[in-house]
Amino acid sequence: MADIYRFPKFSYEDNGTVEPLPLRTGPDKKAIPYIRIIKVGDPPKHGVRYLDLLLLGFFETPKQTTNLGSVSDLTEPTSYSICGSGSLPIGVAKYYGTDQELLKACTDLRITVRRTVRAGEMIVYMVDSIGAPLLPWSGRLRQGMIFNANKVALAPQCLPVDKDIRFRVVFVNGTSLGAITIAKIPKTLADLALPNSISVNLLVTLKTGISTEQKGVLPVLDDQGEKKLNFMVHLGLIRRKVGKIYSVEYCKSKIERMRLIFSLGLIGGISFHVQVTGTLSKTFMSQLAWKRAVCFPLMDVNPHMNLVIWAASVEITGVDAVFQPAIPRDFRYYPNVVAKNIGRIRKL
């Protein structure tokens, strides 16, 4: 059983909405490219910006031709068929140009893709034709990038391993950063277990403009019967001295003094941002890696939900602080479904 504190609406209503990507097609029945920029923090209105970019598009394979060996093979452009959709996160860089120049450079990229496997399935991106607007990101683009397949591809099983695959960029998601920089809570701190402590988790409720059931993301009904999605993130631990009694009022007062402000960004698809505008205890501040603004990309928190809603309209409709007993340190975490050292199973 957990106790809940509901944050007031003003804490998320200003920047808690993301507009959808418009899916429009041209005369060739192909999607018209579009760039969507959202601001997090207080970035400058003009001039140099720090932009985090996520390229969205389609995985395509060459269509099989029936007139092999004809002269037309040399003159006609290769046609492609779509085999899936996905994304390519290219990170943060300092950008000087316009949005349309950036969109043109992104759609002109030649990106080849390979599906492979390590400990899990991976997608390999190799990039060519990097235009001048993308030079701030060229260090990453030229080296090639590898990502967890379940984070960047909606259906990685649809990508063939015996055919050439290209990634055609159609949309660009950009997050313009101001004083709020991208700071993630380190995994070691997020997994921290302290005795005699209360875990402070945030339950974020979203409303989206698309139906998600057919893609495997089941909504829940709120008190008004509206369909909502939700996810949880870990903020930190509240610890009291031995002998002190925890109470809901004590935990709520700690949270209220932080004066948290919430917003949505487009880092990795959809991202949840938390800014501390009030006071923090030293213990809590250390758990936030001494940052007053942290980012939770949904790509890391709930990859499948992120893949389904990253092009849709998304709105925060509620944020709750959930106070739960911290997981005891002697509880073991099992990241694998196969138990080791049992029967014939031995750890390599």
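We number each residue from 1, going along the chain as drawn.
Yeah, the Cβs are placed from backbone N, Cα and C, and that goes for glycine too.
Residues or ranges marked as phosphoserine in Swiss-Prot (evidence: similarity to another entry): S70.
Across all of the motif 'YLDL motif' (50-53), the predicted model scores a mean pLDDT of 92. For 50-53, the entry in Swiss-Prot reads motif 'YLDL motif'.
Across the motif 'YLDL motif' (50-53), DSSP classifies residues as 0 helix, 4 strand, 0 coil.
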